[in-house]
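Encoded as structure tokens, the structure appears first; notes follow it.
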Amino acid sequence: GSSPCRSVIMTAKAVGVELNKKLLNLQAGEHLKPEFVKINPQHTIPTLVDNGFALWESRAIQVYLVEKYGKTDSLYPKCPKKRAVINQRLYFDMGTLYQSFANYYYPQVFAKAPADPEAFKKIEAAFEFLNTFLEGQEYAAGDSLTVADIALVASVSTFEVAGFEISKYANVNKWYENAKKVTPGWEENWAGCLEFKKYF
């Protein structure tokens with residue numbers, strides 16, 4: 001049910017690729033078994049294997065799926081400027097938005113640590129940035145749905161099930177409500193979110 005896994009599932013749906021999903025139990029250390037480490041030495045989830053080609057890091061997988069299987073380039077346009085904005089949003093999602101989620105919530109969920117107010121401020125700052133990016137925008141990067149929207153909707157929906165108040169950020173909230181309607185695989189994403197919700 002993690003955000004990175006769900007972003008890959010939605011991207012696959014958007015390009016019409018049927019994934020043969022294998023679920024690993026991280027608590028039981030299945031990702032550390034030699035057969036998985038042989039595929040992905042970094043032993044991170046998600047990992048994609050496509051006809052013997054292994055790739056990990058969800059946003060890299062998203063781009064690969066679109067470039068290899070997309071009928072058009074609309075989800076990741078070839079125009080360098082459009083692509084640059086999408087990349088910026090993907091890196092923002094990875095290094096700022098989703099990272100703020102991991103830094104604040106994971107210690108509470110997995111180590112039973114108390115909430116860290118400083119880490120919470122980083123979440124608020126990340127949402128302020130996203131709110132600014134989305135000023136007057138229907139989509140996260142450009143004028144149509146891209147892999148940036150898919151990655152961000154996976155992250156933002158995770159904040160929602162964790163109880164974060166997205167509605168405080170008007171532009172994010174408006175974008176998110178639209179993204180729920182237009183993102184392929186949203187239903188599966190939300191089902192994964194609800195699985196994840198048990199941790200909160």
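Glycine is no exception: its Cβ is also placed from the backbone N, Cα and C atoms.
Note that the structure is a prediction, hence the values are computed from the model and not measured.
The domain 'GST N-terminal' annotation in Swiss-Prot covers 1-73.
Spatially close to Arg59 (glutathione binding site) yet at least six residues away along the chain are Pro4, Ser7, Leu90, Tyr91, Asp93, Met94, Val147, Ala151, judged by Cβ distances under 8 angstroms. As annotated by Swiss-Prot, glutathione binding site applies to Ser2, His43, Thr44, Ile45, Glu57, Ser58, Arg59, with the evidence given as similarity to another entry.
According to Swiss-Prot, the domain 'GST C-terminal' annotation covers 79-200. A mean pLDDT of 97 is what the model gives for the domain 'GST C-terminal' (79-200).
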Could you check the binding-site residues Ser2, Thr44, Ser58 and say which one's CB has the most other CB atoms within 10 Å? Ser58
How many Å separate the two farthest-apart Cα atoms among the glutathione-binding residues Ser2, His43, Thr44, Ile45, Glu57, Ser58, Arg59? 16
Show which residues of the chain containing His43 (glutathione binding site), separated from it by at least 6 in sequence, have their CB under 8 Å from its CB. His31, Leu32, Phe36, Val37
Spatial neighbours of Glu57 (glutathione binding site) that are distant in sequence (at least 6 apart) but have CB under 8 A: Thr44
Chain-internal residues near Ile45 (glutathione binding site), provided their CB is under 8 angstroms and they sit 6+ positions away: Ser2, Pro4, Cys5, Leu24, Leu26, His31, Trp56
